[in-house]
Amino acid sequence: MKFLKVNINTAAPRDPEASILLIYTGGTIGMVSDKEDHHLVPFDFSEVIHRVPEIRQFKVMLTVLSLDPPIDSSNVGVEHWVKLAQVIQVNYHEYDGFVILHGTDTMAYSASALSFLLENLGKPVIFTGAQVPIGRMRTDARRNIITALEIASAHRKGRALVPEVSIFFNTVLLRGNRSTKVESRHFNAFHSGKYPQLAKAGIDIEYNNSVILPAPSQSLRIYQELESQVAVMKLFPGINQSLVEAMLKAEGLKGLVLETFGAGNAPTYPWFLKLLREAVDRGITILNVSQCEEGEVHQGQYETSLYLKEMGVIGGSDISTEAAITKMMFVLAQEVPHPEKVRMLEMDLRGEMTLRN
Ligand code: ASP
């Protein structure tokens with residue numbers, strides 16, 4: 001996988017306010033209709049930049065890297081996340097901020113993964129994309145790119161205003177690992193129901209400073225390993241025993257995110273309890289997350305979650321599924337003893353969950 005430096009005539013103002021690395025990975029934002037069969041396919045980023053001439057007026061030094069070839073974000077994998085983290089590490093001291101153009105479908109997963117791979121991040125890494133391709137009249141791409149660039153450049157007394165991985169979309173800036181795609185038709189595609197917005201863009205961009213992560217006291221550390229032997233199991237009433245069994249006994253499985261009902265509840269069918277208990281005993285790490293858009297997992301509140309706690313299932317508080325699966329990939333790849341992995345999953349590592357006593 002490689003990134004190409006795109007040669008575009010970007011602004012190089014005499015007195016730049018900031019330097020930004022714009023990384024184009026693909027997605028609707030840069031798509032055009034295929035001439036033959038009319039479905040949308042990604043195209044070359046140098047074409048895209050011609051569509052946002054406003055970028056050239058920006059008082060920032062801009063460098064553009066383009067994934068070659070660009071991808072639909074449904075094809076994003078662990079290797080793309082590691083590569084993006086490496087690109088940020090290599091360029092970290094040269095730029096004040098990073099804007100990643102990415103398909104919306106899996107943007108919340110990618111933003112969550114990057115948040116775990118980049119520890120002690122002191123600069124903005126902002127994901128954005130579009131619902132309507134940049135070549136169309138009513139595209140939302142222009143506004144999303146321009147506002148993301150503005151937020152990535154924003155600093156006060158030499159410090160970035162938003163030193164974390166975030167998603168800017170439509171009018172809101174959200175913490176990356178708190179975001180979920182909720183809309184496939186309208187412009188307000190992302191939501192973070194369990195955590196406040198980091199900023200709101202209207203006439204001005206209003207920052208909600210008290211909920212933005214503080215600047216780190218240590219220097220950036222990147223991680224390059226993620227465990228891919230993980231799965232998500234969404235519970236539903238009437239779930240079938242052979243399906244649960246096949247999943248829990250899948251060869252090589254190391255971790256499971258269990259999407260439960262309400263405050264972390266699951267059926268108490270004897271076969272279900274037995275399969276879960278055996279999985280935990282085989283060393284499979286299970287993280288309990290709620291299917292609810294708001295609220296949190298509270299194992300032990302009901303009998304239907306007490307047994308989960310007793311058998312060693314980890315309560316995920318208000319973590320989203322996107323953050324839970326990527327956190328699990330991250331934590332299970334660490335070379336630390338199992339109890340330390342459990343402790344990390346219970347902890348708030350990058351602002352991804354709220355801890356309540
Ligand atoms: N399928 C596209 C993608 O995620 C959708 C989008 O960008 O909005 O790459």
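Residue 1 is the first one shown; counting continues down the chain.
Each Cβ is built from the backbone N, Cα and C atoms, and glycine gets one as well.
Of the residues Ser73, Ser112, Ser115, TrEMBL places Ser73 in the same substrate site as Thr104, Asp105. The Cβ of Thr104 (active site) lies under 8 Å from the Cβ of Gly27, Thr28, Ser73, Gly129, Ala130, Gln131, Phe169, Lys181, Ala189, Phe190, each of which sits 6+ residues away along the same chain. Contacts of Asp105 (substrate binding site) defined by a Cβ separation under 8 A and a same-chain sequence distance of 6+ are given as Gly27, Asp72, Ser73, Ser74, Lys181, in order along the sequence. Helix, strand and coil counts under DSSP for the domain 'Asparaginase/glutaminase C-terminal' (229-343) come to 47 helix, 21 strand, 47 coil.
With a 10 A radius on its CB, Thr28 (active site) counts 22 other CB atoms from all the protein chains.
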